[in-house]
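K.L.:
This structure is in structure tokens; I'll ask about it shortly.
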Amino acid sequence: MLTEYGDFKRTKYCGEVSEEDIGKEVKLAGWVHRKRHHGGVIFIDLRDREGIVQVVVEEKTNPEAYEVADKLKSEYVIGVVGKVRKRPEGTENPKLKTGYVEVVADRILVFNTSEALPFPVEEETHVSEETKLKYRYIDLRRESMKNNLIFRHRVYQITRNFFTKEGFIEIETPFLTKSTPEGARDFLVPSRLHPGKFYALPQSPQLFKQILMIAGFDRYFQIVKCFRDEDLRADRQPEFTQIDYEMSFVSEEEVMDVAERLIATLFKELLGVELKTPFERISYREAMEKYGTDKPDRRFGLELIELTDIFKNTAFKVFKSVVEAGGIIKAINFKGSNLSRKEIDELTKFVQSLGAKGLAWIKVEKDKLTSPIVKFFTEEETQKLLERTKAEPGDVILFSADKKEMVYKILGNLRLHLGKKYKLIDESKWDVFWIVDFPLMEWDEEEERFVSLHHPFTMPREENIPKLKEALEEEDLEKKKEIVHSVRARAYDMVLNGEEIGGGSIRIHRRDIQEVVFKLLGIGEVEAQEKFGFLLEALKYGAPPHGGLAFGLDRVVALMLGLDSIRDTIAFPKTQRGICPLTGAPDYVDPKQLKELHIKVLE
């Protein structure tokens, strides 16, 4: 029954057969999507990359082809030679782009058979994610998955064309490089030729693209794989793709302008959506104070309301102790929600899972306020609270009182949870904007040191540079924190519908400033030389002012397609545990290989 492909030459994709082909012979190849018997006639839905076309096999006119068709099963790989005709009236299928024509088979060739599939090639498949990834080659046969990857390919095409027209040069940077972990862990690759030494897979091409600027390639771009060995949160991958670019002799505005025009081009060409440029800019401080996060979803309300000043002298001990300890009090007014006690209890459990001690609340009713805490407030405090929150009957006010960082974490997450749970988000909207005016560093209580908000190569604002040296000389830790926290970075993040899709900065191009920043971050001279000596050396030889940005391509594609997970934009992704069910990676290796690498696995 099986035929070698031999001289068979496909003339058209199944999904491209049209009314223009009526009366013509076509040669098609693909998979049997579906087969139906209808009294001496067999109908085959033949599927390939471009779509499905109906093939008709008539026993009366072509018994040989009919005999072959009769033995076909789902997902057999076949070739069809036949003539295109118009479908009989009343049998058209407007859901298919080929739905007004069909191919009458003269000959059917079977190139390969298929066993019964672990799950059908249908859009609605009730199988686990693990099973889909194990049989990814079957999952990718589904229309939606195929379209996702074709869409991603178009993003690549448009991006490359855009940067080429803008005068950028595409340059590849190494995958085997030096370990310079900042934040996430590096994936390490042992060197056989240099026992005990390791390469690292890059978390980003950051240092190489800066060195390319020093080399004089003033406009570089790359679509590049990056790697992070981190605990995978909800929607992360250990290997991911960035659209990366860097420019010399530019300000923030010029780098941001390129980013805006790229995103606007992608939206216009792929979705037919006109994004208004320049995008709005909001400060880091405003984002945190209003939304509790530096990547807010602004497609719904529920902004955070500042209440610390109202309760600074309150008799309510919980609030009073927070204010005395330098904390803050904020609230969300969930307008018209009329939350039940059960719903409030569920929200309390949610915030407790984030580290909150509990959830204070007030239910505003027509003639009274229902709450376990309102009895502790003075009449003046209650009145000011109702005015500040613009409270009306039916509203429920939800409070958080703690250290500033914890309040932002609790209410920022609670706001998003309410938005999703109660369907407050306008899904038809595209809200894209910049977050700017980031602090350069913040104090990490656990590590007891300053950490970069972006990375250690971000340039501070020019007027803030003297403060870095001042902070370095300051011995009092609290004063040092105050000085450092007042330093603003020349950094910018692009946010789309509550997701950070890109981030960048103007970089440090002066060795003296870079050394001061390293010292403030607790990276001493010896460590700086060990990790970043090649960069410090390069900065001595005429480094131009430069800056750039990187977009998370997987995330951009997922958001544009309205997908819940970036996994659906990647051909062969890993699970949340960093496993590839298709290949079984990561896996044990032959002891001989380990011996060659001078590695011993300890139990």
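Cβ atoms here come from the backbone N, Cα and C positions, even for glycine.
Bear in mind that the values here come from a model prediction, so they are computed numbers and not experimental data.
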K.L.:
Given that Swiss-Prot annotates R228, D229, E230, Q237, G552, L553, D554, R555 as ATP-binding, name the residue from E170, E172, E500 that shares the site.
P.N.:
E500
K.L.:
Quick one: which of 206-209, 362-365, 490-493 does Swiss-Prot have down as region 'Aspartate'?
P.N.:
206-209
K.L.:
Any idea what the Cα distance is from H454 (L-aspartate binding site) over to E500 (ATP binding site), rounded to a whole Å?
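P.N.:
That separation, Cα to Cα, works out to 13 Å.
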K.L.:
Take the region 'Aspartate' (206-209) and find every residue of the same chain, 6 or more past its ends, with a Cβ under 8 Å from one of its Cβ atoms.
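P.N.:
Residues packing against the region 'Aspartate' (206-209) from afar: 173-174, 177, 180, 220, 222, 244-246, 455, 457, 532, 534-535, 548.
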K.L.:
Counting Cβ neighbours within 10 Å across all chains shown, tell me which of the recorded positions H38, R228, R507 comes out on top.
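P.N.:
Result for the most crowded candidate: R507.
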K.L.:
Tell me which of the recorded positions H38, G90, R228, R507 ends up closest to R555 (ATP binding site) in space, Cα to Cα.
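P.N.:
Of the recorded positions H38, G90, R228, R507, R228 has its Cα closest to that of R555 (ATP binding site).
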K.L.:
Rounded to a whole angstrom, what is the C-alpha distance between E230 (ATP binding site) and H38 (site 'Important for tRNA non-discrimination')?
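P.N.:
Cα to Cα, E230 (ATP binding site) and H38 (site 'Important for tRNA non-discrimination') are separated by 56 Å.
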K.L.:
Over all shown protein chains, what is the count of other CB atoms within 10 A of the CB belonging to G90 (site 'Important for tRNA non-discrimination')?
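P.N.:
Step by step: centre on the Cβ of G90 (site 'Important for tRNA non-discrimination'), count other Cβ atoms within 10 Å, giving 5.
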K.L.:
Check the region 'Aspartate' (206-209) for me and report the mean pLDDT.
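P.N.:
When the pLDDT values over the region 'Aspartate' (206-209) are averaged, the result is 97.
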K.L.:
Of all the Cα pairs drawn from R228, D229, E230, Q237, E500, G552, L553, D554, R555, the residues the record ties to ATP, which distance is largest, in Å?
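P.N.:
Those residues reach a largest Cα separation of 20 Å.
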